[in-house]
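Feature list (source: TrEMBL):
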- 165-346: domain 'Malic enzyme N-terminal' (DOMAIN)
- Tyr188: active site, proton donor (ACT_SITE)
- Arg241, Asn496, Asn540: (S)-malate binding site (BINDING)
- Lys259: active site, proton acceptor (ACT_SITE)
- Glu331, Asp332, Asp355: divalent metal cation binding site (BINDING)
- 356-609: domain 'Malic enzyme NAD-binding' (DOMAIN)
Amino acid sequence: MFSLNGTTFTNNSLSGVSRCLTQSSRRVSAPMVVVAAVSSNGKPGDGSVSVLVENALTESAAPVEMEVKSTVTGGVQDVYGEDSATEDQSITPWTLSVASGFSLLRNPHYNKGLAFSERERDTHYLRGLLPPVVISHDLQVKKMMNSIRKYDVPLQRYMAMMDLQEMNERLFYKLLIDNVEELLPIVYTPTVGQACQKYGSIFRRPQGLFISLKEKGKIHEVLKNWPEKKIQVIVVTDGERILGLGDLGCQGMGIPVGKLSLYTALGGIRPSACLPVTIDVGTNNENLLNDEFYIGLRQRRATGQEYAELLDEFMYAIKQNYGEKVLIQFEDFANHNAFDLLAKYGTSHLVFNDDIQGTASVVLAGLMAALNLVGGSLSEHTFLFLGAGEAGTGIAELIALEMSKQTGIPLEETRKKIWMLDSKGLIVKSRMEMLQHFKRPWAHDHEPVQELVNAVKSIKPTILIGSSGAGRTFTKEVVQAMATFNEKPIIFALSNPTSQSECTAEDAYSWSEGRAIFASGSPFAPVEYNGKVYASGQANNAYIFPGFGLGLIISGAIRVHDDMLLVASEALAEQVSQENFEKGLIYPPFSNIRKISAHIAAKVAAKAYELGLATRLPQPKDLVAYAESCMYSPAYRSYR
């Protein structure tokens, strides 16, 4: 049996090694600042200023006391209150340790721009460094949205958002949260794909760690170069399969950066606990190798033992630096590595592959919701996939697991309801010897079929799912064939970015005469057909992974289990209202995404406790309320 996470932990209880983290309060003293002038050779004298912060007070420094509560959002204590960001509390910012307010305005974690109050401008040496006006956080958001909307090119909007993130972190996240439906396609798909393609040209400031073959044998030390030491979530890519764009090498960094922005905005994970990583082992993209602006290693991709040793060292160093409970999310690895890495490290690390598991969970949620419109149970439907890579087979496996869970039918039998077609045609038993291992469970008894439209006519699926990365492959003939034997054909065109989508929303609705239930990976505008407006759903992984990660963190989970993915799907499907269904939607609106994420987090955490994989004890009584209370808030803090 193929398991999405490579193993099963149902009978593996780890509660014996759990530790109880209870709420308590204590008094701490603010950091003392020791400012010493040093010369360029490191000796006392004139030159650059070195600022040393110590947890002690001299007689001349009056103590500043504040209440600090220990929290359970990953076991990371933060005297500045980021862990329990929704609680009102006194905060002593790092600005007590600087000699000039100019540095404060250059630090994105604490900069508030024109929102600094009159008192703060006096206290923190900001007089003259800012214009005299003081404006609110909300007015800043309005001003920034007005500026961003003036850009006609999406990539320009992306660059403006990245500049804001590097200048004023809390304003960036408030802007994203308050305008999530408008800005999500900018900071994530489809625009992030364009950003990765041009990353070498637009690269300005480091936003994550680049670990290349040059760092082999030194990764543990390289991780220490990252300024934040309490990391809870890492998103890592090797850039070999970025969206549907192929091998972008080192320039794939845009994906981990974008994913982690959503972990914070949509899932409430504090920014300082997030670490984007790109593993650079070279690229096979000739255009990049010949591009003078390419920022990665100029060599062919390392494979085999050299590749495996680098990944082994990286995974070991992560656990050594950040502990057992850090979540490592694999992102956009090629098929031949994605499945192997998930299986290899699933038993020893808290790992999650968004392309395999996140995509599967969000698609399953959409299918569960769609059943409210077409009727029947999952096991009564027949599925046909175009694309048998990590996304397609991951989705298929989770669907089969859910059918087995609902009916009690063995997994091997529920898989027979699912058919897959790859670049060589329908996956059938006569091809078994030539198939990659992750495709073999989907080889059924059937004569060979080469073309998708012929497979549709032969198998007569009720649900057609595209995960091929090949644009416009759901042709008019294919969609019309689906509509001939389905009153309401379910069509999911999941490939990203928009240019790679198997068909557009307009195609699906017009070719099916308005009867299709359609969802896509990238967003499409509402479609008008015969006087009726159809609003299509977006099967965006952002519905799942932020809340999924939050659930793992608040429970202190040490492994990911398939059952967690199933409950995440069920939790998302539950959030689709009757009003949404009446509009033809099978996913809830993103405007409510933080509450959706909290709901998903609660279900995932509850499953972690049930399976004995949680280490944060005792279990909170109301996990939804608890998840919401743990979420990072971008609200400004008052600096004394």
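Placed from the backbone N, Cα and C atoms, the Cβ positions cover glycine too.
Annotated features, which come from TrEMBL, shown on the structure.
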{"residue": "Tyr188", "record": "active site, proton donor", "Cβ contacts under 8 Å, 6 or more apart": "Gly258, Lys259, Ser261, Leu262, Asn540, Ala542"}
{"residue": "Arg241", "record": "(S)-malate binding site", "Cβ contacts under 8 Å, 6 or more apart": "Asp247, Asp332, Phe333, Ala334, Asn335, Ala338"}
{"residue": "Glu331", "record": "divalent metal cation binding site", "Cβ contacts under 8 Å, 6 or more apart": "Val235, Val236, Thr237, Ile255, Pro256, Lys259, Asn353, Asp354, Asp355"}
{"residue": "Asn496", "record": "(S)-malate binding site", "Cβ contacts under 8 Å, 6 or more apart": "Thr189, Pro190, Gly193, Leu243, Gly244, Gly521, Ser522"}
Across the domain 'Malic enzyme N-terminal' (165-346) the predicted model averages a pLDDT of 95
Within 8 Å of the Cβ centroid of Glu331, Asp332, Asp355, the other same-chain residues by Cβ around the recorded divalent metal cation site are Thr237, Arg241, Ile242, Ile255, Phe330, Phe333, Ala338, Asn353, Asp354
Around the Cβ of Asp355 (divalent metal cation binding site), other Cβ atoms found within 10 Å total 24
